[in-house]
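Data block below; observations after.
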Amino acid sequence: MILNLRVDHKIANIDAMENIAKEMDQLFLELQEKYSIVEYVEISTCNRKEYYIHNDNIDASDSLLSHENKSIIIDYGDSVIKHLFRMTSGLESMIVGEDQILGQVSDAKQKAFKERHCGKILDSIFTKAIHVGRVVRNKTNINKGSISIGSAAVDLAEKHLGNLENKSVLVIGAGKMGKLVAKALAEKNLNAIFVANRTYYVAVELANDLNGHAVLFNELGKYVQTADLIISATGAPHYILNKERLEKTDGDFKDLLMIDIANPRDICEDVCELGVKLFNIDDLREIADENTKLRKKEFAEAENIIDEEFSLLKESFKLIGVEDIIANLRVSMENIRERETEKAIAKLSDVDANAKIIDNLTNSIVNKIFFDISKKIKQAAHENDEELIRAIEFMFEEK
């Protein structure tokens, strides 16, 4: 069974998502313990949290999967795969067509593979999903002129501050999302751009790319009080900025705009008590909706590609199901060949002269027979002929 647990921007705001994600983590742990789940991929981004699970023992009627929190979507089978294909194609993103999700899914798969909990089935599904995302982007205009969460945050800042020219901006976080923010800011002719990251050399690298200035994390307060705009996008599990931290500085924050695009959030809402204008991922929805309208006509073509690739994947699953049978068949036939070859050689008077000839002959015969049988097995798999597959498997079982 393929099982998907998820929460995303479509069904929950950022505040709810943080809490639901914790519930979902707990639900996954309970399922993992009960069903000994070893094959799974976890995806966590700024506006979604998902688990993809492959386990043939899970009971769909289990009370654990009748979860009380309706904001956790629990999905099974083919619809899970199609959802993943839509996601890698950018159709499920808040910013439709954005390219970052493709890298995020690829990273999640690689992490699962490295940690040895991405088996043959999930590896096939995710490899195909990444391929689908690339094909959709190559064959449609879904990502033409595409914006990202980072550039959408900069657009939001311009709506509230006007032109960013000669403004002083602090970017907190120099990871992938922080780099997207910085890339969008680089075109704005700023007065100054400062980059803060917990690992200082990473901040230095990004700041150098922008002709900006790197900031030590423990000196953040000094730069907060001089900034016109702060955009935060770290992977921290806790708040980076809150009212208490701001009060320790001498700044006047009544004209300060903060945009928090992290999940979990980096900036506590209590900073608003000091006059800060604070926005988060939920506030990007208006920009996201405008972007979706521009790309709506690309949806149908993308969906057609998804359907075609899904059909190809389903066909490949049929072959995966008989791979072990074919491998065992090959071993069984080779064992027979070796035994019979040894018997024949033992009866020869001039062993050295004839052994190699007999070995090559029997090997050639087995290869030809094996090719024909394996071809029939694959054909039976494509035609869903389970009876023939089981018959062949039974014939070559170890007795």
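Yeah, the Cβs are placed from backbone N, Cα and C, and that goes for glycine too.
The feature substrate binding site is assigned by Swiss-Prot to THR45, CYS46, ASN47, ARG48, SER93, GLU98, ASP99, GLN100, GLN104. Sequence annotations record features per position, and here Swiss-Prot assigns active site, nucleophile to CYS46. Per Swiss-Prot, site 'Important for activity' is recorded for HIS83. What Swiss-Prot lists as NADP(+) binding site is GLY173, ALA174, GLY175, LYS176, MET177, GLY178, and the listing cites sequence analysis.
Surrounding the centroid of the Cβ atoms of GLY173, ALA174, GLY175, LYS176, MET177, GLY178, where the record places NADP(+), the chain contributes additional residues within 8 Å, namely LYS179, LEU180, VAL181, ASN197, ALA233, THR234, GLY235.
Sequence-ordered, the extra residues of this chain that approach the substrate site, with Cβ no more than 8 Å from the Cβ center of THR45, CYS46, ASN47, ARG48, SER93, GLU98, ASP99, GLN100, GLN104, are MET94, ILE95, ILE101, ILE149. Of all the binding-site residues listed here (GLY173, GLY175, GLY178), the one with the fewest other CB atoms within 10 A of its own CB is GLY175. In this structure, SER93 (substrate binding site) belongs to neither helix nor strand by DSSP; it is coil. Looking at GLN104 (substrate binding site) and MET177 (NADP(+) binding site), their Cα atoms lie 11 Å from each other. Other C-beta atoms found within 10 angstroms of the C-beta of ALA174 (NADP(+) binding site) number 27, with every protein chain shown included. Residue pair MET177 (NADP(+) binding site) / the residue listed as 'active site, nucleophile' shows a Cα separation of 9 Å.
Under the DSSP three-state reduction, the residue listed as 'active site, nucleophile' is assigned to coil, being neither helix nor strand.
When the alpha carbons of ASP99 (substrate binding site) and LYS176 (NADP(+) binding site) are compared, the span between them is 12 angstrom. Using CA atoms as reference points, the binding-site residues GLY173, ALA174, GLY175 were checked against THR45 (substrate binding site), and the closest is GLY175. When the alpha carbons of LYS176 (NADP(+) binding site) and SER93 (substrate binding site) are compared, the span between them is 16 angstrom. Cα to Cα, SER93 (substrate binding site) and GLY175 (NADP(+) binding site) are separated by 19 Å. There are 19 other CB atoms within 10 A of the CB of GLN104 (substrate binding site), with all protein chains counted. Nearest Cα neighbour of ALA174 (NADP(+) binding site) among the listed recorded positions (CYS46, ASN47, HIS83): CYS46. DSSP assigns LYS176 (NADP(+) binding site) to a helical segment in the three-state reduction.
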